[in-house]
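The next block holds one structure in the form of structure tokens; read it before the comments.
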Amino acid sequence: MNIHEYQAKEILRKYGVPTSTGLVVTKTEKINETIDKLNTEVYVVKAQIHAGGRGKAGGVKVVKSKEEAKKVAHDMFGINLVTHQTGPQGQKVNRLYIESGCDILKEYYFSIVFDRSASCITFIASTEGGIDIEAVAEKTPDKIIKFSVDPATGLQDFHMRGIAYELGFKDNQAKQMKEIVKSVYNAFIETDATQIEINPLIVNSDGNLLALDAKITFDDNGLFRHPNITAMRDHDEEDPLETRAANAGLSYVKMDGNIGCMVNGAGLAMATMDIIKLYGASPANFLDVGGGADRERVKEALKIILSDKEVQGILVNIFGGIMRCDIIAEGIIAAAKDIGIKVPLVVRLAGTNVEKGEEILSNSGLAIIPAHDLADAANKIVEAIR
């Protein structure tokens, strides 16, 4: 789960991370009133969307008067902001965060993430923070600093000293950086986050370190332990089909292809998407119905897939372990009769009650294309949509 910048800063401040402060606006009619509450020489108007690249896309504006701030805010509120992370459709700006500006002497990059390949927590930092951090990582990777933390031992003093040293901080600034490292680590662990990113982390004119922007991503599996964080969820920022799927107990991620996939198990789903690509097409989604799906969940899964107007065909690939193939077959037939599946449908079943499932499908009278293995299934669905 992602949250907005202003929410991320609120959490970080609770853990002792110094951040820039401001006021959030969620209604157009509140813009002028909110800006009037700020007494500053420089105003920073920031679009609040769950995507990076706002600065380059015009979603962050710095102005020097209340009148300018009000005009910029009114112009920005409600627009579709297109960044390199939103895709061409953009993301509607339903919230603004208006801050007091500050002098910036130097920008840094600082984050903490799960390094799945190394099975540890990793700090990533750079002396080259700001809007071009992606270019820095690509063109000058030597400027990216990494420190790994063993989960068994946790954060140690040498991690904090090392990060401060590598970033070039000395004396009081080194002390501040060590405290920020510790605070961010504690926030990461205690909130079940998967990423906390501060970009930029700045040194202001007073020589103090300040988080000027912040992003936090949480592990969905840990949200039940954090109702206060769950309450921060902004459904307007999420794909409506993904939200609908989550409410039905399905793992769904929309993609850019034209072949809908319904699979049980994340690994099998990934393999299914890979083989679709191998045969010359592209998957329209990742959809894992899980090991304990019933007839209604299968039916809802197919409805969600067909809600995507880009879908030209569907591949169902089920390995029946806990899941029974006859249940899948009944769900497919129920969905087909309820909503009408007008695109080619290829079904590959294997495992528990596979013979019964195949019999149910063959006797249904529906135009379902059976497949004997994964390669056969991929070949048939790709050929069917051509």
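Backbone N, Cα and C define each Cβ position, glycine as well.
Annotated in Swiss-Prot:
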BINDING   LYS46, GLY53, ARG54, GLY55, GLU99, CYS102, GLU107  ATP binding site
BINDING   ASN199, ASP213  Mg(2+) binding site
BINDING   ASN264, GLY321, ILE322, MET323  substrate binding site
DOMAIN    9-244  domain 'ATP-grasp'
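A map of Swiss-Prot features onto the structure.
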residue	record	Cβ contacts under 8 Å, 6 or more apart
LYS46	ATP binding site	GLU5, GLY22, ARG54, GLY59, VAL60, LEU96, TYR97, ILE98, GLU99
GLY53	ATP binding site	THR83, HIS84, GLN85, THR86, ILE131
CYS102	ATP binding site	SER20, VAL42, ILE202, ASN204, SER205, LEU210, LEU212
ASN199	Mg(2+) binding site	TYR109, PHE110, SER111, GLY129, GLY130, ILE133, ASP213, LYS215
GLY321	substrate binding site	GLY291, GLY351, THR352
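Ranking the binding-site residues GLU99, GLU107, ASP213 by other CB atoms within 10 A of the CB puts GLU107 at the bottom. Largest Cα-Cα distance over the residues recorded as binding ATP, namely LYS46, GLY53, ARG54, GLY55, GLU99, CYS102, GLU107, equals 21 Å. The 10 Å shell around the Cβ of MET323 (substrate binding site) contains 22 further Cβ atoms across the protein chains shown. Burial estimate for the binding-site residues (ARG54, GLY55, ASN264): highest at ASN264, by number of other CB atoms within 10 Å. Here the C-alpha separation of ILE322 (substrate binding site) and GLY55 (ATP binding site) works out to 48 Å. Computed over the domain 'ATP-grasp' (9-244), the whole-number mean pLDDT of the model equals 93.
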